[in-house]
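Read the structure below first, then the notes.
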Amino acid sequence: MIIQFTKPFIMLFFFFFTFQVKLFLRGVLEIMQMMFREVHKENEHEEAVEEAGFGLFHGLLLVVCGWANASDAVEILCVSFLLPTARCDLHLSSSDMGLLTANIFLGMMIGGYMWGYLADQRGRQKVLVMSLTVNGVFGALASFAPRFWLFLLLRFISGVGVGGSIPVIFSYFSEFQPRLKRGAMISALATFWMAGNILAAGLAWLVIPRTWVRFSLGGLDFQSWRLFVVLCSVPSLTSALIFSLAMPESPRFLMEAGRETEALRVFCRMFAINHRGSLKTFSICGLHIPSEKKERETRRGGTHTLRFVNLKQCLAPIRQLFVGELASRSVCLVIIFYCISFGYYGLWMWFPELFKRAEDGGSPCANVSRLQSHDNQSCYPVKTAVYMEGFVTAASNLPGNIFTVLLMDVIGGKALLCCSLLLSSVSVFLIYEVKTKAQSLLISCVFSGVSVVAWNSLDVLGTELYPTQLRSSALGFFTGIGRVAAIMGNIVFGQLVDTNCAIPVLLVSALLLTGGITALRLPRTKQAELT
């Protein structure tokens, strides 16, 4: 009787148990399938990049992206070269010149995140074309500004364009690179910043002293420094033209967007250029894109045009940077970007003033500048020594750039970043020991050569620490943090350099030391696969 009574319960328990086991196994199977799809997607991208080979395509890509990177350097640095003569024509005070120097960084801060977000949502290539065009057009228009406020506004808008192209260009470039070549190639791309430095100094040396280049344009006295501003916009405009006519979209972005046919077409194009003259064919016939990627692209409307998005959408990637395993690395990079940008841009813009103080002997910080009225100073004839020093300082980047290209994939970005920041801190501290102008120039060259290793390492680490859908947004956000630091660095130096020069110099040294120690907390990414 008991057995007959409990038999239905046993059968019911057995049915319930087997049902739960089925649910559990189904859940495990779904999780494994999801993991397989993600791993398969990662492997397919890396396999396709490896199958496409490494050769002429990557060389051409380096030149085109490098020219865009150099154009950003030219646009930023041209202000420092035009100030000695433009201050007379625009009637600039010292505070005006400080505002003009910080103005472009403010534009870059705003543009960095805005363009970075759009690049992650709508594509790298489109955003590069637009940001480079904004940079070039408004940079050239600034040369025709008759008043300082208009010149300031146009330079600000140009800075918005610069802020977009800097982070996006590194995301775009890295997504074409084979895993074992990525570190060296990104380091090579970063060396074009030095080329931009030299180009800006060379143009200034060639054009600005030519005071006979002068004519009237309506009511505007168009002098040589205005022609220099126009010429500095040419690299950005030509880069925008090349990207719009000849450069493909990032295949990694296309795969994330569910556009497998276009991604496969890009890989085939890479293969054809790298294996020109060979009978070998591209062996990958199709790319598997998870269905959720296609559905996401369909929800976007099936079009690839840039559209306005609300503020909440724009800020969503920032929140993702500080969630889960990304949180610790994001906090570290915020600190590092702030420290190096405050130190580099804050000190760099004031090197000429420190050189001037050392001309009479003694430490630059021991000689308090005498306040002089700009109205009593003549802008002409133009002194060319500042351009010579610019050439020497820019050329001092070369050893550091060669060092990073050769050793990035051997040592890794994390180790190079730590060491270069610590050495930069020591070189800034040595400013106390400077006794002559030659020694000041030597210290600036040492700082330039060592600090460029840190910048190159950040370029590599920034692309490898974040997934594709956040990469440009992350770089744009951290670049924006750097622009805030650059603005603050210039303000602090401007306020204290005449009263207590030791404070900003020691502050820069301490911040660089802090950045080097913080870099020890970053994960190791040497030759890691992009996610």
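Residue 1 is the first one shown; counting continues down the chain.
For all residues, glycine too, the Cβ spot is worked out from N, Cα and C.
Feature annotations, reproduced from TrEMBL:
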- 61-527: domain 'Major facilitator superfamily (MFS) profile' (DOMAIN)
- 9-29: transmembrane segment (TRANSMEM)
- 97-115: transmembrane segment (TRANSMEM)
- 127-146: transmembrane segment (TRANSMEM)
- 152-173: transmembrane segment (TRANSMEM)
- 185-208: transmembrane segment (TRANSMEM)
- 228-246: transmembrane segment (TRANSMEM)
- 331-351: transmembrane segment (TRANSMEM)
- 415-432: transmembrane segment (TRANSMEM)
- 438-462: transmembrane segment (TRANSMEM)
- 474-496: transmembrane segment (TRANSMEM)
- 502-522: transmembrane segment (TRANSMEM)
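When Cβ-Cβ distances below 8 Å are used as the criterion, the transmembrane segment (152-173) is approached by residues 61-62, 65, 68-69, 71-72, 75-76, 79, 99-100, 103-112, 114-116, 119, 124-125, 127-128, 130-136, 138-139, 141-142, 145, 185-186, 189, 236, 239, 250, 459, 462-463, 471-472, 475-476, 478-480, 483 of the same chain, each at least six residues removed from its ends. Non-local neighbours of the transmembrane segment (97-115) in the same chain are 75-76, 79-80, 83, 87, 127, 130-131, 134, 151-152, 155-168, 314, 318, 345, 349, 472-473, 475-477, 479-480, 483-484, 486-487, 490-491, 494; each lies 6+ residues outside the stretch with a CB under 8 Å from one of its CB atoms. At the 8 Å Cβ threshold, with sequence separation of at least 6, the transmembrane segment (474-496) lacks contact with the transmembrane segment (415-432), having fewer than 3 such pairs.
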